Amino acid sequence: MKIAVIVFPGSNCDIDLYEALKTVCGADVDYVDHQQTSLAGYDAVMLPGGFSYGDYLRAGAIARFAKIMPEVKRLADEGKPVFGTCNGFQILTEAGLLPGALKKNDSQNFVCKTTPLEVVNNQTIFTSQYQEHERINLPIAHADGSYFADQATLDELEANHQVVFRYAEENPNGSLNNIAGICNRAGNVLGMMPHPERAVEAILGNTDGLRVFKSLLENGTVIAEG
């Protein structure tokens, strides 16, 4: 299984994703520049956090037009795993790969802390090694992390079990339904505001994010070989 970590101008969590996959999990992973036009040979795509294109217009609004994005959409349409954390989640919504939008935090402040989450759906490519309703703690660091969608979309997300992670105990940004992460109908595209890649080593004090990547590698390998 070969994984691409897309690098946009202003990305700053691409190294974190790469190290979590390569160094910690031993995965076959490459950095791929946003100006590339092919993802041939890759079995999964990761969109990192950061401030792509300086967050001008809106977070993720310009990145959706990057030359690499048609290939990201192609892999998603083919059922291959596509993952976005923080700014990557924002890009996925702007690109139409996930429903809804991320708006400014209700506090109007940048929030940076570790926050409790509930694993709502453990039947996805990315969460199969968690227990349903398991409580975990992951770092967040964002100013535009408040998930918004109209009521019909929210109802559909809930009915189809597309809410994958939910904020537990407190809502740090005003996200509707306490949503921290969602997937598409097929379950192969996941976006989340928390940063699992920052919680993969005991030396950092937290390994709650490690199973996102172990789940991806376990299930993605089956998809790639199938």
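Glycine residues also receive a Cβ, built from the backbone N, Cα and C atoms like all the rest.
So that you can see what the record holds, here are the features copied from Swiss-Prot:
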- 2-226: domain 'Glutamine amidotransferase type-1' (DOMAIN)
- Cys86: active site, nucleophile (ACT_SITE)
- His195: active site (ACT_SITE)
- Glu197: active site (ACT_SITE)
What count of other C-beta atoms do you get within 10 angstroms of the C-beta of His195 (active site), across all chains shown? 23
Cα-Cα, whole number of Å: His195 (active site) versus Cys86 (active site, nucleophile)? 7
Reduced DSSP state (H/G/I helix, E/B strand, rest coil) at Cys86 (active site, nucleophile) is coil
Using Cβ atoms only, which residues of the same chain lie under 8 Å from Glu197 (active site) while being at least 6 residues apart in sequence? Cys13, Asp16, Leu17, Glu19, Ala20, Thr85, Gly209, Phe213
What three-state secondary structure does DSSP assign to His195 (active site)? coil
Sequence-distant neighbours of Cys86 (active site, nucleophile) in its chain (C-beta under 8 A, six or more apart): Cys13, Pro48, Gly49, Gly50, Ile140, Ala141, His142, Gly145, Met192, Met193, Pro194, His195
Average the pLDDT scores across the domain 'Glutamine amidotransferase type-1' (2-226) and report the rounded value. 96
